[in-house]
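A.B. asks: Sharing a structure with you now.
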Protein chains: 4
Amino acid sequence: MAGNTIGKLFTVTTFGESHGLALGCIVDGCPPGIELSETDIQADLNRRKPGTSRYTTQRREPDQVKIMSGVFEGKTTGTPIGMIIENTDQKSKDYSNIKDIYRPGHADYTYDHKYGFRDYRGGGRSSARETAMRVAAGAIAKKYLASQGIVVRGYLEQMGDIQIEQFDWDEVQNNPFFCPDSSKVEAMENLINSLRKEGNSIGARISVEATGVMPGLGEPVFDRLDADLAHSLMSINAVKGVEIGAGFESVSQKGTEHRDEITPEGFLSNNAGGILGGISTGQTIKACIVLKPTSSLLVPGQTIDRQGNPAEVVTKGRHDPCVGIRATPIAEAMMAITLMDHLMRHRAQNGDVNAGIPVIPPEV
Amino acid sequence: MAGNTIGKLFTVTTFGESHGLALGCIVDGCPPGIELSETDIQADLNRRKPGTSRYTTQRREPDQVKIMSGVFEGKTTGTPIGMIIENTDQKSKDYSNIKDIYRPGHADYTYDHKYGFRDYRGGGRSSARETAMRVAAGAIAKKYLASQGIVVRGYLEQMGDIQIEQFDWDEVQNNPFFCPDSSKVEAMENLINSLRKEGNSIGARISVEATGVMPGLGEPVFDRLDADLAHSLMSINAVKGVEIGAGFESVSQKGTEHRDEITPEGFLSNNAGGILGGISTGQTIKACIVLKPTSSLLVPGQTIDRQGNPAEVVTKGRHDPCVGIRATPIAEAMMAITLMDHLMRHRAQNGDVNAGIPVIPPEV
Amino acid sequence: MAGNTIGKLFTVTTFGESHGLALGCIVDGCPPGIELSETDIQADLNRRKPGTSRYTTQRREPDQVKIMSGVFEGKTTGTPIGMIIENTDQKSKDYSNIKDIYRPGHADYTYDHKYGFRDYRGGGRSSARETAMRVAAGAIAKKYLASQGIVVRGYLEQMGDIQIEQFDWDEVQNNPFFCPDSSKVEAMENLINSLRKEGNSIGARISVEATGVMPGLGEPVFDRLDADLAHSLMSINAVKGVEIGAGFESVSQKGTEHRDEITPEGFLSNNAGGILGGISTGQTIKACIVLKPTSSLLVPGQTIDRQGNPAEVVTKGRHDPCVGIRATPIAEAMMAITLMDHLMRHRAQNGDVNAGIPVIPPEV
Amino acid sequence: MAGNTIGKLFTVTTFGESHGLALGCIVDGCPPGIELSETDIQADLNRRKPGTSRYTTQRREPDQVKIMSGVFEGKTTGTPIGMIIENTDQKSKDYSNIKDIYRPGHADYTYDHKYGFRDYRGGGRSSARETAMRVAAGAIAKKYLASQGIVVRGYLEQMGDIQIEQFDWDEVQNNPFFCPDSSKVEAMENLINSLRKEGNSIGARISVEATGVMPGLGEPVFDRLDADLAHSLMSINAVKGVEIGAGFESVSQKGTEHRDEITPEGFLSNNAGGILGGISTGQTIKACIVLKPTSSLLVPGQTIDRQGNPAEVVTKGRHDPCVGIRATPIAEAMMAITLMDHLMRHRAQNGDVNAGIPVIPPEV
């Protein structure tokens, strides 16, 4: 399998390059009878869309999704949902400067070794533009999950050295960074502005969580819910790490501190991030990812060309100084797709076997 | 799929509970003609085996593997390799104290919600004992990879607050912790001893890497090599985080610092951890995981029973104060299985397409 | 999995309903570097296209394929190939007569039970129109296979009681029935004309074969080459049976008659249809399918409506009196897709292991 | 994937060669809470077992199954069920006569081309002995299906030219041929006896059906229920053809004859074999397979050896003159596994969407 599909029961298969005719995907396995329209999907696409603020790439794409199949009279039919986003801003610019050069930190060199050559226009298939279809597919998953009481949402936790200190979900949509701490927004604006001047970039840390997940979702061994989340989140461009719950802090925790003790009134903590033994506990599912700083920089860098000669690279053009900024809706989409898949897996094998098992409230 | 299989071309499917008759697995898709004997596999099993030092659980299992099929006249035939490890130390102890109670930090509660009931003897399927078969399967992958010049190995990087400062691969096998810094071994011994007295436990951080991986392995979108590694490593019991290359440090790196510049003599750094765009660069593949402190503690903790009543839990018996200690061979096995799978995927689709592409040396 | 994907390494996922905006598919896993253009694909689509002769449905669709991704500068890139065929002839006719009725022999009743409701326009997803994308994907497989010396082709063997007696591959393209016996064409024309008058339909038997297949393709147990061919061929609308080689005639053959004896000059017969133990022998792969007569008839039939009341059904409109006529290119496509998948599977696991094994010529 | 797994949600993976230590399998995805013991499985194994009558091979294997995991206190736990059958009658005979020769009609030549060499003892992995684990896994599926009102059973329909004329389910278990027509049993005995004397063999035709299947199981395109049945049935050793419902008779049927008209009292016929558009109708699922005559014959045959020289082959030893005789329980097992898989797939995606859709009785 060439790996352009994710999920086992709720599957998403994408196609499309940065500068091809269109991006597209097929969402297969969606339950029938769900109300769905293009506007449901467009809302999330707009959150990811480039060119909406001066802090992200200036490529302007309407990113208008078209549903080609699988919806009839406003409802999903249970058959595959085909979706298309046409590429309209395929600037027919001159790529001769990067065509024969391996940009450091990019997939140019690895694509050439994998395929023998590559579509070099705008990064081709390795462009973050590919994530648009993930967001479109994720919007379907999010809509269905919401009907089951499950809400998936994310936020920016850190940009460079700027870490959030206050938390307000309502603030997340009030700034272009998905930052829940309004007191940090100005510092972030300043950081982006100075990076843009410098021709440089910076990393970011994103949190994403799901509330309302019933206990019992996940598989016991390889397809643990946390392992599948790690897979889907790490598959996002530029992600270099994934944590569940307490994550890397667990290394210096003692067992008495880490284990989440239980009372009839609820769990006393959530170091587990809502997953034990690969299966959901009913607490909030908590994951965290880090995105590297983009390697498309105005600061010149050393590299080689396709003939092996030393070369210098400078990436002009429309680039995000912090690719993590637009990653929040993508991370939400990936978590939603994974949860949707496990919800359906649970129904297939286990149905309603847990009648009579007590339900522990998420948290005291 | 119930998720007891990993891999797409080189697949490993395991079965077995902590206190059942046996553990077993089927390795499917192994190339034919590879010399393989039980002793090849036993060597790695012995590294993971409990009861070999006073710093790990005192459960004593010979963990003797038997190859049931797929090997003929000392060579793999290309047909499935069935393997079995009989459980010999199934202490028929009294489980009535945990049978009806949900141990915090364990999978008791989640298994009950998933399946309606559970095999409570020693954790059943959620026991780390299940990882023995991963190590057995991984040993086959490691043997094949070695024949292609790929070496997978790991070490303990941190236990609680004790971080390694010196590095010597030769030291790794000289102590029961897989610690490459001999100057830290005594501190680790002391930590384990004091935790044991206290009835408590601690987390750990493990690094695992692969050298000799040719550029071009991996897939461009969902099944990126890093995403598949995140999946396989996060599927190990107790793992709460996975990093590739610079990992979470990337958050405060600038692009000029993170991107690994290239010269004809080699890459100038390896923040990528050997993977760009989901595909190997030819540099060392570097991953890092964190394991939580075990929740099997002598220190009493609050919980509820199967009827929802408050209860207190104390876990007596043979437990590792630091489950991370024995995780090194398991992490190696998982990385080897994932690399093996991608090596075969590469051959299927891409064969020898990269003739003529320059090869950058791993590092200057 | 909702089953809209076929193949494991070379995968085809389709979407689209008879009267939706478009049909589409994603071909994933195609080797990179293959010359491919829309005209390569269009040629096969035109062979399947409705409205090309008076013996098939009068629905007129240009069936113009558009490649949306995966091809760059005339060559496949190895990334997913997205293709679209827009539906142009979506006659906005009145479906009220079939909307609430279960047409016998159609999928109306079963779709309602599976999904709770259905897209009733022209059969929705159950329409044979869905096979257009199979032909498009199959054309890619056929092109690659041809570059490896493998040729896949089919013909009509029987229509109703009219069986071919002479055989000439050149004749197959000379008549609208894909019939290799020119002496039977007039009888077939007459049969179709009389069925059309009568408002009735008839079954057909199609043969499809592949020459040039190297020995060694296939898997030993569940994914035998013949089992996978049975799967892919039986998945074509209206197919009710699949045979390999001697097929159902084997029941009255003796072992001495059926076994294909071998001489250094070649096999003495091909009852096996080119497959032994699920693996190709190097002989011609031979499969045969039967397609039922369509159930869209002018002759009134008994049925019930969605409320369970008795009803009468008459299907007006543009229907093939023999759906088998256009099945030949579809059967070729499915065989090509399956062979392509197994060719890639072979490369992944087995590479070039058979050096030194003698090669038996296909036939004396 | 090396193809030793079948099913997507209810999966069966087998291992083992004819003369290895053991056969085994892992059944994954089985619902939890089903009562299951070894005796449930042994009953079906005994029906397939060799050496039970003078009409089948004289190899005597107790075929005693051991459940290694996945069952606790008499019930399935939902985790993988590992099963083993030890090979006890591995006659350490001399294989030098077939080691270097390609038996016509066997997989010797194709295995050598696929793998470079083979386990030649008793056919290795290509031996019909492999089917024992299918029967074991199928017994679990049958038990669960029975709890849902679905009964799977088969019978011998034809052996050579001897076709059944009368039908009585009760007779099927009264003779070693699974023949429902007691008046044909003597003729079958005579045929087998004369073939044995002659050193020859004969083909057979087996029917298998499922009653009680609810409408709505199956998928619309590639994974149609009939396509998946074709796959699973064609994967049985020696099968050369599969029919659903009217099968190859459909070729000369008219639409008015083939379509199964519907009344509120039930369907008027079942040419569809219980499947329309790939989805079950609620009628009896009907499939039919043909098994070729075995190629293990005392009558000498022409072949070549591993060096390409002409050779003569005579297969001595314990062989069934009609391998179709023991195929009935195997065909039942494969149909049960496929139905079980689709039952679970239905639950995952569709749940209980069909409330209010009328249910047509199977037949008037």
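Placed from the backbone N, Cα and C atoms, the Cβ positions cover glycine too.
Straight from TrEMBL, here's the annotation block:
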type	residues	note
BINDING	C:ARG48, C:ARG54	NADP(+) binding site
BINDING	C:ARG125, C:SER126, C:SER127, C:ASN237, C:ALA238, C:GLY277, C:LYS292, C:PRO293, C:THR294, C:SER295, C:SER296, C:ARG318	FMN binding site
A.B. asks: Need the DSSP three-state call for C:LYS292 (FMN binding site) to compare against my parser.
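C.D. replies: It is coil.
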A.B. asks: Counting other Cβ atoms within 10 Å of each Cβ, which of the binding-site residues C:ARG48, C:ARG54, C:ARG125, C:LYS292 scores lowest?
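C.D. replies: Looking at the binding-site residues C:ARG48, C:ARG54, C:ARG125, C:LYS292, the Cβ with the fewest others within 10 Å is that of C:ARG54.
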A.B. asks: Among the binding-site residues (C:ARG48, C:ARG54, C:SER127, C:THR294), which are close to chain D, meaning C-beta separation under 8 angstroms?
C.D. replies: C:THR294
A.B. asks: Give me the CA-CA distance between C:ARG125 (FMN binding site) and C:ARG48 (NADP(+) binding site), in Å, as a whole number.
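C.D. replies: Between the alpha carbons of C:ARG125 (FMN binding site) and C:ARG48 (NADP(+) binding site) there are 18 Å.
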A.B. asks: Rounded to the nearest angstrom, how far is the Cα of C:ARG48 (NADP(+) binding site) from the Cα of C:LYS292 (FMN binding site)?
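C.D. replies: Distance (Cα to Cα, whole Å): 18 Å.
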A.B. asks: What is the one among the binding-site residues C:SER127, C:SER296 whose Cβ has the most other Cβ atoms less than or equal to 10 Å away?
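C.D. replies: The most densely surrounded of these binding-site residues is C:SER296.
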A.B. asks: Could you check the binding-site residues C:ALA238, C:THR294 and say which one's CB has the most other CB atoms within 10 Å?
C.D. replies: C:THR294
A.B. asks: So which binding-site residues out of C:SER127, C:ALA238, C:THR294, C:SER296 end up within 10 angstroms of C:ARG48 (NADP(+) binding site), measuring C-alpha to C-alpha?
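C.D. replies: For C:ARG48 (NADP(+) binding site), the binding-site residues whose Cα atoms are within 10 Å come to none.
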A.B. asks: Taking Cβ atoms only, which of the binding-site residues C:ARG48, C:ARG54, C:ARG125 fall under 8 Å from chain A?
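C.D. replies: Qualifying residues, whose Cβ lies under 8 Å from chain A: C:ARG125.
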A.B. asks: If one measures from the C-alpha of C:SER127 (FMN binding site) to the C-alpha of C:ARG54 (NADP(+) binding site), what distance in angstrom results, rounded to a whole number?
C.D. replies: 20
A.B. asks: Roughly how many Å separate the Cα of C:ALA238 (FMN binding site) from that of C:ARG54 (NADP(+) binding site), to the nearest whole number?
C.D. replies: 21
A.B. asks: Between C:ARG54 (NADP(+) binding site) and C:SER296 (FMN binding site), find the distance joining the two CA atoms and give it rounded to the nearest Å.
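C.D. replies: Roughly 17 Å, rounded to the nearest whole number.
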